[in-house]
Every structure is written in C-alpha cells, then in structure tokens.
Amino acid sequence: MSGQKPSLKTGGSAQSRFQVDVVTEASSAASAGQTPPVPGTIDGLRPPEESRGRFRVVGFLDPGALGTASDIGLPPDVFHEPDGTKSDSVSLHSTGTGHTHISDSHSNTYYMRTFGHNTIDAVPNIEFYRQTAAPFGEKRTRPSLSELTCALVLHPSSSSLCVLLSFQVRCMLNIWGVMLFIRMSWIVGQAGIGLTIAIILMATVVTTITGLSTSAIATNGFVRGGGAYYLISRSLGPEFGGSIGLIFAFANAVAVAMYVVGFAETVVEMLNDVDALMFDELNDIRIVGTLTVILLLGISVAGMEWEAKAQIVLLVILLGAIANFFIGTVMPSENKKPKGYFGYQTAILVENFGPDFRDEETFFSVFAIFFPAATGILAGANISGDLADPQSAIPKGTLLAILITGLTYVAVAISTGATIVRDATGDHNDTVVDTVNCTDAACTLGYDFSICEEGGCKYGLMNDFQVMSLVSAFSPLISAGIFSATLSSALASLVSAPKVFQALCKDNIYPGLSVFAKGYGKNNEPLRGYVLTFCIGLAFILIAELNVIAPIISNFFLASYALINFSVFHASLANSPGWRPSFKYYNMWVSLAGAILCFVVMFVINWWAALVTLLIVLALYIYVSYKKPDVNWGSSTQALIYNQALTHSLNLTSVEEHVKNFRPQCLVLAGYPNSRPALLQLVNSFTKNVSLMVCGHIRTVSRRPNFKELTQDYARCQRWLSKKRIKAFYAPVFAENMRYGAQLLLQAVGLGRLKPNTLVMGFKNNWSDGDMRDVENYINIIHDAFDLQFGVVILRLLDGLDISHIQGPEHVLLLCFLAATDIKSPLSLTDQRLLESSQQFKKKQGKGSIDVWWLFDDGGLTLLIPYLLTNRSKWGDCRIRVFIGGKINRIDHDRRAMATLLSKFRIDFSDINVLGDINTKPKNKLSFKELIEPYRLKEDDMEQEAAERLKAQEPWRITDNELELYKAKTNRQIRLNELLREHSSSAKLIVISMPLARKGTVSSALYMCWLETLSKDLPPLLLVRGNHQSVLTFYS
C-alpha cells in the first residue's frame, strides 16, 4: 500500500472497507474528476429533501476483497459505474430496478462535510424508522449487527397526490353543510337561542376533545389513507379498527344521502314556488337526489384533482352566501315582515331565547338532528393518504375548522333568533293597530299571527326551512350557498367513504371484501368503492326525509369519536415508549371523558339506536378477534397487555407458591413443532388455558444460522402453533448435544412464576439402533430434570412420535406449515400408520377409560394430569380407572383407603383396582435377557483392568453386579408390562408411575431397558414422575 489510500478503478484492483450509496453524478463531471454544481443547490450540494434517501451505508467488505466488477465476482445484474476520481470508499447498492451499482462516494463534497458517511455505521436517519409499507417508497434499514450487506435504496414515490385543497377548507366545507342553511333556523325555533347555543357548544365540546385526540394520534407517526379507521386501528388494533372502520365508512355513505336530500329539498322548494313540480314533493326529492348523486359520482370518479377544484368553486360560493345572509340581517324590508322577518329586535330576541318544542321534539332529538353537522371534523382525515403533510395538516386544520365553524353556527343562531319570529302567515293584511295588549313579539311590531296557533302557517322559524333566503340581501345567492354547502359536504362524504373502505379492505381485515381494495389510475382511486358508496347513498336518498336520515348516522359518528378518544386514553395508559405524539395539547383523562361523553350522548339521543350500534361494533369485534388477521401495527392494546403481563408477573414473584394453585407448566422437548404433533396436542389438552407450555427445540447443527434465519424460523413455528390453536411458546436453543441444550432450557426458560416445572419428552423408540451416547444423554436429561426439581413426563406411542423424516431432513422447516393430511407423496405402510397415529389426540376420544397406574406417590402429578385431561371436551367421555399396588390380604382395605383419598381430592373415578400380584415372578424373562445382551459389560469374560477401562469409555454398559443388585426391580418392570397388557390393553391412555434409577449406580442402558420393557406393545402411555412435592390437597 505504501501509505496510499485504497481506491476503486475500472481497470485495476482496489481495496476498501466501506460501502456507501451515493448520489449518482453526471457522466461528464465524473470524467472530469469533479462535482459540478446542480441547479437549485448551494455549492453543488443538494438540499436535504433532495438528497434524502439517496445515500446510506449498505455493506462491509474485507480489505483486499475489491477489484473490478469481474474481480469481486459480482452477480450478472451488477454493473460498475466508472469514475475517474479516486475514492476512499465504494458502494454496492440496489437501485430497485433489478440492477446493482458500484459507485464512488467521496467524489461528492457532501460526504466530505457530513459525519457518518465515511464509516460503516449509519448516522441516525428518519428513514430507518418507517414502517414496512412506507408511503414514500421502499423500507430502508440500518446496517445489522450480524452482517453489513446490500440493502434497499429508498426511492421517493412520484405518485403521491399534491392536494390543491387544504385540510382546513375541506373540514369547514363539510361542517358548513346542509344544517347551516335549511335546518339551523328550525333548530332555533324549536330549542330557542339559549338551548341552540348549548347544542352547538355540546357538539363543539365533543368535536374539540375528539379533535385534540385526533391530533395526538395523527402526530404520533405517519398517517396514511383511511382517516378514522387508520387512526383507531393503528392505535387500538385491528379488532376495534376493523369494527369501527366498517360502520364509519357506512356512516359516510349515508351522509352522502343526507346532504343530497338537503340539496334536493331546496330544489324542490324552488320548483314548488314556480308551480313546476314533476310529481309530488317527496318523489321530486327522490328524482333530484338521484340525478345529483350520479353527477357527484362522476366528479369523484374523475379523480381527486377534479374533486378538489370543484370544492374550491363551492367554497367561494358558500362564503359569499354566508356573507350575504349577515348583510341581509341589517337590511330590513317591509315586504318581508308578513313572513316573519323584522330585522334585529329585542322583543324577538327575548321571545326566541327560550325553547318551544313542538311535534314531540325534545332537546336531544333536536341535538340528534344537528350533530351530523359537526361530523365534518374528520372529512380531511378521511383522505389522510392524499395529504402532503398529514401530521401538520390534521391538528391545525381540525382545530381551526372547529373554531371557525362553531363561531359561525353561533352567529347564525343568534341572528336568526333575533330577527325572525317563530310563526308568520305571510299575509300583509294580518296587522294590528292597538299593540297595548300584545303578548308576543309580532304583535308589538304590528302583526297578528295568532291564527298560526291553530297550525297551517308556512312562514317563520318553525315552518319555513328556506327562511335564510328571506333574510339575505340577495336570495338567489343563499340558494347557491345551499347548493354549495350540501354538494360540497356530499362530495366530501362521497370521497371519504370509499377511501376509508379501501384502506379497510387493503388491510384484509374482512377477506370477503378484499375486492374493494383495488385502486385505479396514478392516484389509486377506489372506483369499486365509489360504486358501493353510490348504491348505499342512493338507497337512503329514496327515504327522502332529512330528519329521518340524520339521527341514523349520529350514533355511528359518535361511536367513531368515542373510540378515537379512547385510543388516546388507552395509548397513554399503556405508557408505551412508542407513544410520543408531537402534539402536546391533549390529556388522557380529558380524552377518556370525551369517550364517555360520546357514549352518553349516543344513548340520550336514541337509546335503542345506540344499543344497536354497540351490538354491531361488538359483533364485528368478535368476528375480527376470532379471525385473528395476520397484522402487527404496534397497537396500544399490545402495549397495555405487555404492561399488565409485566405487572402481574412481578406481583406473582412476591407471592409464595401454594399447592392449591399448582399447575403443570410444561417444557416440551418436541423439536420443530410439527415434528411430533401428537406430543404437543396431548400436552396442549391439559395445559390450554390452564398453564404454561413451552415448545423447546434443541438444535445441534454444525452451522449456526444468522439472526435473520433464526427470526424467520421462530416466526414460522410460532405461527404454526397459533394456526393449530396450540397455546405454547416456541423456544429454540443451539447446543453441542441434546443434554447441554436441555440443561439450557431447564435453567433459562421462563420468567418469575411463569417457569416450567414439568419436563415432557417423547420416548426414544429407536434407541437400540442408534449411538448409545445419545441414550446416555437422553437418560441424563431425565436425571438433570430431577436434580432441578422438575417433574418428568414421557409419552410413548406404539408407532412412534417423530414424523419429520417423512419429508426428509432438508424439508423439516416445511413441516411447520404442513399438517399430516397435507402430505401427498406416496408413503410406506409404516409411515401411513405413523401419520395417522400422530393425529390421534387431535380428535375426540370417545367413550373409554384413562387407566392411572398410581404405583408410587410422587406428590400427585400422576393423578392430576388425567384429571385435567378429563376436563376437556375431547376427553370428556373417558372415565378414570385407578390401579394401585397392595397386599393380597388387604385388597378391600386398600381400595377403600384410595377411594377415600380420591373423594377428598374431589376427583371422579369409575373404578379402583388393587393389584396384589405385582411382585410375583414374571412369566417371561427371556425377551428382557435378549434386550440387554448387546449392552452388557461381561466383566467375567475379561481381565479386571480391561473391564474397568471399557466401563470408563462406555459408562452405559451393564455390569453383572448391577443386574444382580436390581434383579427385583427388573422383574417388577417385566411383571408390570404383563399386568398392563392384561388390564389396560383397551384403554384410550395409560398413565403410569415412572420407575426411577440412582445416578452412578444404574447404567443408562439398564434404565432404558426398564422403560422399554415396561411400556412396549401398549396403547398410548404416559410415564409420569412428579418431583415429590404435593400438587394435590384436600384442604380448602
């Protein structure tokens, strides 16, 4: 090297330790060896927004490993970018187009001025924290700890829509809807100015709290399309989000009908004034509404740009109409007085200040009609995916829109209540001369409208929905304002509903609705959602009654608001480090109060509609919970569950264990989960929803996989357990041998009281065919478990447990996804029986018995496991039969004593058998002698020194002294097998006390022969031995 820095040239070799993605320079600049200034930059440096995502550390290469593209053996899709400038580092990076570039890094002065771009480690970057489906391109990742290899390069998306209409304007347009012009005066007439302001303030309190909550959620990370659904689902999880998202989309679709009917009412009023009705008023509203919604559908389908342009035009008209109304209030006219308009009058203000509810209307029924006007606060959030900067737009736009529109509604309520009387005839002749005895405001102003008390008047706040046209300076502009308000709100809802619905369908929460997830065009327009929204809106337009439609959607919107508020409370309560909204003006208790207020208002408005709404939400919640969609959004529900689990786990550690609360918490050495399905299914039968189950996997592979492979392995196997509804944790470890791996699991698995206390294994059926060192390890695992005060359970099936060999060793991982019935390749008869046997505990067992051979008192685990099994529906038809050892002359006494004990334990049994002949001489000992023959030391046939040397090399060998010393115990195992065949050959399951062997005295081969002899040629058998601590008690 001679002090020269390594460089990369086209024609020569180079050495580099670093790889950095860089901005691709112009070829002319590259050949000149310098970086030319780029237009719009300073000193040739691109601004941060331009350069973001264009460079990053992507890998690490050993010194001397780089040369030309051909020298380093690049794949065919990699090509080299020549550059005449020498560089301190090179880059091997993906362009996202199927090619990989090698680039120079320090030819750009940006890298000379920025820390972190001449090192392996990447500097902190916002791009590393994006979610997988980043809205602006592919996910970028920092260099991993395990390896620094090529990674994806972020390419800013060019398809995001530049929204012409600001968020605030969209919210205001939707809030200034149909209620402002054609129902506000009627509400003032019914509730009076005082209660109308109270109604507006109540709605404003709800929407303001919800706006604060929306702002907090929206500023806690990037917000994508879906509005309220996205906010709720990402905060509370798919269960709440999926349920509320569906009804929120439906509510927006119904809102289209509400606004269109309001528009149609105005048109029909105008037609009626000129006697131009087509049929009658109701059918004309339906006709005009249908034609209007078709027109709006055409604008929406044309794309967001057209919709935004239309909204701007409608905004200008709307503002002119509002100004026109207020100007008209200070321009009284004699011609308008017979219709109830007198200008600002104290008498009218006083008279209209109190309520005058008619036609069975109440404060809350009027509130229900008004409240949909406030639902526009989410109009902008519903198209959050189309906003350039939703984190900034949602808080500012929502709160400003609430303030401005709230003040507008209050001003309109006061103006109409101070200038217009409740009832007027419209007749110029209804005047009075003597106003001395007048009791109402109209009389004091020279008009007698007392005839209206009998009904039939067409004018005034209570009777004329178009009264604002009467007040205005130029009435056609009010009509245009009504058209603008209703159409803009309808258009916003017609756009919002499909966007929310599309986001819901994209997440595949409801698989049957995924057809509506498809988008069209550069902006991914949900055309199918538009059609669905059109159909729903059209159906409700045919009702043609605004006062009927409005309350329907009030509860749906209130339910959405309640959950948005609850989301903020829940996220704050969970105290997750990920809850860091940049909007700080919120309070968890205020949000909770807002959620409660929304639910209270729901029931006050209409209790049965609120009940139906909650039942719909509950039904959808249960459905989504049952389906368990494969999504992970880091919801506050997860955070709160973690908090609760941590708190309860810590609380448990401070409480002494009690025998009444004992649960068999099982560590199951099963390997890959589907390698031994019968073992997992049986253990799951007595641990599910009762205790802990850990699926331990000891891997003794020569090459340890990297972290990515381990993570994928873990995820696949855990998913298989979840798919098969086996409630267990998967815990893999790497070890030199099985015993060492088991020691790791026995000591390390668990947390506090949530720690296994029972080791469960499969019987080693092929032990006689393999290496006896494996048998030695197998037996030592049992000894280790007893040393650590574990109970031990061993399951033996006649055909064996392990089915992993059926697919071959290289396909073991695939078994994590395959059920036995999924394997289609031809199998031998033995393998077919093995597969059938592996699924036997998956099905209902039917009538039969579980035979419990409780020969030795191990604390009660041998009896507890069968009891837990019989509590399950699959084993519910099985009855427990108990077999115990006893003396021939005390059989009745022993039976009564055991029956008394079982009754105190409150364990049902069908029969108790006392075996008095366990210790009699077995009938056939020849098979045992043949079994142990290959494993005997035969020390009498060799010199003592040679025998001792062989025993030291092969400690599993059986000595003659050992056989003689344990002759009685050997005979007992042979005899027990004979008795098992005699009494329990038809049992569904046999549970028997496991024989023990002293470490260092009984060789592993002899112990294995005992277990083999005891359990061979029998139905499914569990060898059980507790840790000799009581697990049953008859004390209360």
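Cβ coordinates are placed from backbone N, Cα and C, and glycine is handled just like the others.
Taken from TrEMBL, the feature region 'Disordered' applies to 1-50.
The annotation compositional bias 'Polar residues' is assigned in TrEMBL to 1-18 (among others).
Under the heading compositional bias 'Polar residues', TrEMBL lists 25-34 (among others).
Here TrEMBL flags 104-148 as domain 'Amino acid permease N-terminal'.
In the predicted structure, the domain 'Amino acid permease/ SLC12A' (168-667) carries a mean pLDDT of 82. According to TrEMBL, the feature domain 'Amino acid permease/ SLC12A' maps to 168-667.
The transmembrane segment annotation in TrEMBL covers 180-206 (among others).
What TrEMBL lists as transmembrane segment is 212-232 (among others).
Residues or ranges marked as transmembrane segment by TrEMBL: 244-264 (among others). Within the same chain, residues 177-179, 182-183, 226-229, 232-233, 284-286, 288-289, 292-293, 296, 372, 375, 382, 482-483, 486-487, 489-490, 493-494, 496-498, 500-501, 503-504, 509-510, 532-533, 536-541, 543-546, 549-550, 552-553, 556-557, 559-560, 563, 613, 616-617, 620 sit at least 6 positions outside the transmembrane segment (244-264) and bring their C-beta atoms closer than 8 Å to a C-beta of that stretch.
Per TrEMBL, the feature transmembrane segment maps to 284-303 (among others). If you look at the transmembrane segment (284-303), the same-chain residues 6 or more away from its ends with a CB under 8 A from one of its CBs are 256-257, 260-261, 263-265, 267-268, 271, 277-278, 310, 487, 490-491, 494-495, 498, 521, 523, 525, 527, 530-531, 534, 537-538, 541-542, 544.
Summarising the annotation, TrEMBL assigns transmembrane segment to 312-331 (among others). With a threshold of 8 Å between CB atoms, the same-chain residues lying at least 6 positions outside the transmembrane segment (312-331) that come near it are 164-165, 169, 172-173, 176, 180-181, 343-344, 408, 411-412, 415, 419, 468, 471-474, 477-478, 480-485, 487-488, 491.
Residues or ranges marked as transmembrane segment by TrEMBL: 363-385 (among others).
Same-chain neighbours of the transmembrane segment (397-421): 166-168, 170-172, 175-176, 180, 184-185, 187-188, 192-193, 196-197, 200, 204, 207-208, 211-212, 214-215, 322, 325-326, 329, 340-345, 348-349, 351-353, 373, 376-377, 380-381, 440-442, 449, 460-461, 467-468, 470-471, counting only residues six or more beyond its ends whose CB sits under 8 Å from a CB of the stretch. Residues annotated as transmembrane segment in TrEMBL: 397-421 (among others).
Taken from TrEMBL, the feature transmembrane segment covers 477-497 (among others).
The feature transmembrane segment is assigned by TrEMBL to 530-550 (among others). Beyond its flanks by at least six residues, the transmembrane segment (530-550) meets 178, 182-183, 250, 252-254, 256-258, 260-262, 264-265, 282-283, 285-286, 289-290, 293-294, 297, 300-301, 368-369, 371-372, 494, 497-498, 501, 516 of its own chain at Cβ-Cβ distances under 8 Å.
Summarising the annotation, TrEMBL assigns transmembrane segment to 556-573 (among others).
Among the features that TrEMBL reports, transmembrane segment is placed at 585-602 (among others).
For the domain 'SLC12A transporter C-terminal' (676-808), the DSSP-based tally of helix, strand and coil residues reads 61 helix, 26 strand, 46 coil.
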